[in-house]
Structure formats: structure tokens, C-alpha cells
Amino acid sequence: MKLDQDEIVKLLKNKKIKLTPNRIKIACELFNSDDHPSIEEIHQRLLKNGERISFTSIYNIVKLFESTGLVKEIKVGNKSHYDPNVIPHIHFICNECGNVTDLNIFETDHENLQLLINNLISHYTKYDVDNFELNLYGICENCKNEEQGSD
Ligand SMILES: [Zn+2]
Ligand SMILES: [Zn+2]
């Protein structure tokens, strides 16, 4: 996901989040990363860019974003990652390096994935699904290559 500042501001306004420079900076960081950063990682990246925002401020802002449904928390062990894509999709979580990546194995977009799951469930049950979380665990390509000693 790549969004410019105007688009980020629009997203925050849609969620009725009061605009502050720090909120805009953190939203920009989140919405322009596709690796589901943790609060610690957001902090490190902002520091690298010369931004002085405390860990606690970042924590509070990300939690505010989460409570309004702007971002979604993904828990891996006792580490929390944050995803700006709140439409249900599949995650692959590496047991070695802990990286969280989106698994796009379908030609379809995420809405179609939801439809696919809904159809499957309604075929076998009378339940209506309106949300789902699907995390797959294993070993990622990078770690696999390292294990095999090839690069
Ligand atoms: Zn890995
Ligand atoms: Zn994701």
C-alpha cells in the first residue's frame, strides 16, 4: 500500500481522528510499509528519519488507530504487528525470523477471498461469516535459502 499525505489525512478524517503532526507521520509510516511493523520497528524507522517521537507516544497513537479500525493488530507470540489493510487476508508468519507477509496466492482480490470463504462455510453450515483471520506458520523463502546454504 502506498499513500501520499493527502490520502492519509483523508483516511484519518474519515475515522474522525483529530489531526496532529505525529499522527500523520505514524499513519504515513504504517500505510507505506508492507511488512506489518511492530511499534518498536515504527519507532526505529522514525528515529532513522530524524523524527523525535517517544515510544509511548507511538504506542498511544497506534492503539488509537486500532480502536477506530484504521489498522489491525496481528499477534505473533508476544509481539504485536500492525496492518493497515483491515480487509481480511491471509498472512504467512515465519517461525524462524518472525516476518509477517501477506500471502497473495489467489488471482482474486481480498473481497473475493472473503466471498470464497463465505461460500465454502455456507455450503457446509448455516453460519454467516463476516470476518476472519487466517495465519499460516512455517518457514519463509529467505530462511529456507539460508538453511540450504545457497544465496
Ligand atoms: Zn524467515
Ligand atoms: Zn497483512
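Any Cβ shown, glycine's included, is placed from N, Cα and C.
Here the structure is a predicted model, which means the values were calculated and not measured.
The feature Zn(2+) binding site is assigned by TrEMBL to CYS94, CYS97, CYS140, CYS143.
Sequence-distant contacts of CYS94 (Zn(2+) binding site), defined as residues of its own chain at least six apart whose C-beta falls under 8 angstroms from its C-beta, comprise THR101, TYR137, GLY138, ILE139, CYS140, ASN142, CYS143. Cβ proximity to the Zn(2+) site centre (mean Cβ of CYS94, CYS97, CYS140, CYS143, cutoff 8 Å) flags the following additional same-chain residues: ASN95, GLU96, GLY98, ASN99, ILE139, GLU141, ASN142, LYS144. When the binding-site residues CYS97, CYS140, CYS143 are compared by the number of other CB atoms within 10 angstroms of each CB, CYS97 has the fewest.
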